[in-house]
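Here the structure comes first, spelled out in structure tokens, and everything after it is commentary.
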Amino acid sequence: MKLAVIDGDGIGVEVTAEALKVLKAVRDDVETTEYDLGARRYLRNGETLTDADLESLKQHDAILLGAIGDPRTVPAGVLERGLLLPLRFKLDHAVNLRPSKLYPGASSPLKNAGEIDFVVVREGTEGLYCGNGGTLREGTDHEVASEVSQNTWFGVERVVRDAFRRAQERRKKLTWVHKTNVLVNAGGLWQRAIETIGKEFPDVEVDYNHIDAATIYMVTDPSRYDVIVTDNLFGDILTDLAGAVTGGIGLAASGNIDPTHNNPSMFEPVHGSAPDIAGQGIADPCAAILSVALMLRHLGDEANAEKIEKAVLDEAAGRDGSPIRTTEVGDRIAAAVQA
């Protein structure tokens, strides 16, 4: 396996080291290439992502990302627009995958959380995030700013198909989320895609939520969900809410996936670089380790993916609220997957 590693900034460096420790405990064929991308490089020479970086990254089977950014020194949005979004668009990461599971030992803010285990499939290359907009008469009383949500049949069809496939492999229930009563053009395209592709998956139950209703249900009845599919913006909102109801983002992994496998997909913990605790050895590496499990599953190694997920589940279940040490968690999980 040829793996590109972008450990990034802050605690990204620490949690990525533990994720690699666990990966190498289950696989002895991992060849890693480290990339200096993130706040440190930007502050050093002003670079975010060069064409040479991109071409080199494309030569790998997958990308493991730690965390990017330092809000103390890098202006907001610089690395998102200059590094993360270009990676997703230029590597055609059409599917942003976010499993959301309430692990034993994790504390949900919900009073009666019940069993929470669902996946959000977020469209990753279109919608309001594709940069189709502009400003006229900036700085005047007549200023006009626009952002255009771009939705294509090609883009929507492939993410909807991916979501149906995942639902078929899970509990056979798909919920699509939009705002069709107001966003009639984009919503209509999404609805036609759902209806068309749904005919190929007659065993999958389909329902629909407006985005505002989905935020309510995710807080009041999250166990109703199995697979959620939605657009880029709504998915961005829902996945953060999903992280909150499952006890925070310490156990939240994600994948930015090219479903065609023509480009390397990228896997990362949801959390940020947390510079306030960087270097203290107290960051929870479980989200980064679960990102490795997502990566292995994407690459067809289901057995080792399940092995890692079980080890993380056991790790979470065994916690008693005491402070954790980053390397100790990595050591325990690495030992567990080798047992």
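Each residue, glycine too, has its Cβ placed from N, Cα and C.
For reference, Swiss-Prot has these:
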| type | residues | note |
| --- | --- | --- |
| BINDING | ARG88, ARG98, ARG122, ASP212 | substrate binding site |
| BINDING | ASP212, ASP236, ASP240 | Mg(2+) binding site |
| BINDING | GLY272, SER273, ALA274, PRO275, ASP276, ILE277, ALA278, GLY279, GLN280, GLY281, ILE282, ALA283, ASP284 | NAD(+) binding site |
| SITE | TYR129 | site 'Important for catalysis' |
| SITE | LYS179 | site 'Important for catalysis' |
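Here the features listed in Swiss-Prot are placed on the structure.
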residue: ARG98; record: substrate binding site; Cβ within 10 Å: 23
residue: ARG122; record: substrate binding site; Cβ within 10 Å: 27
residue: TYR129; record: site 'Important for catalysis'; Cβ within 10 Å: 21
residue: LYS179; record: site 'Important for catalysis'; Cβ within 10 Å: 19
residue: ASP236; record: Mg(2+) binding site; Cβ within 10 Å: 18
residue: GLY272; record: NAD(+) binding site; Cβ within 10 Å: 17
residue: ALA274; record: NAD(+) binding site; Cβ within 10 Å: 18
residue: ALA278; record: NAD(+) binding site; Cβ within 10 Å: 18
residue: ILE282; record: NAD(+) binding site; Cβ within 10 Å: 14
residue: ASP284; record: NAD(+) binding site; Cβ within 10 Å: 23
Where does ARG98 (substrate binding site) sit by DSSP, helix, strand or coil?
strand
Could you tell me which three-state DSSP class TYR129 (site 'Important for catalysis') falls into?
helix
Conformational class of ARG122 (substrate binding site) under the three-state DSSP mapping:
strand
These are the binding-site residues: ASP212, ASP240, ASP276. Which one scores highest on other Cβ atoms within 10 Å?
ASP240
May I ask for the distance between ASP240 (Mg(2+) binding site) and ALA278 (NAD(+) binding site), taken between their Cα atoms and rounded to an integer number of Å?
22
Remaining residues near the recorded Mg(2+) site, that is with C-beta within 8 Å of the centroid of the site residues ASP212, ASP236, ASP240
ILE211, THR215, LEU233, PHE234, GLY235, ILE237, LEU238, THR239, LEU241
LYS179, ASP236, ASP276, GLN280, ILE282 filtered to the recorded positions whose C-alpha is within 10 Å of ARG122 (substrate binding site)
ASP236
Return the member of TYR129, LYS179, ASP212 nearest to GLN280 (NAD(+) binding site) in space, with distance defined Cα to Cα and candidates limited to these recorded positions.
TYR129
Under a criterion of Cβ-Cβ distance under 8 Å and sequence separation of at least 6, what residues of the same chain contact ARG88 (substrate binding site)?
ASN96, GLY124, THR125, ASN256, MET266
Distance check, please: Cα of ALA274 (NAD(+) binding site) against Cα of ASP236 (Mg(2+) binding site), rounded to an integer number of angstrom.
20
Cα proximity to LYS179 (site 'Important for catalysis'), best match among binding-site residues ARG98, ASP236, GLY272, ALA278, ILE282
ASP236
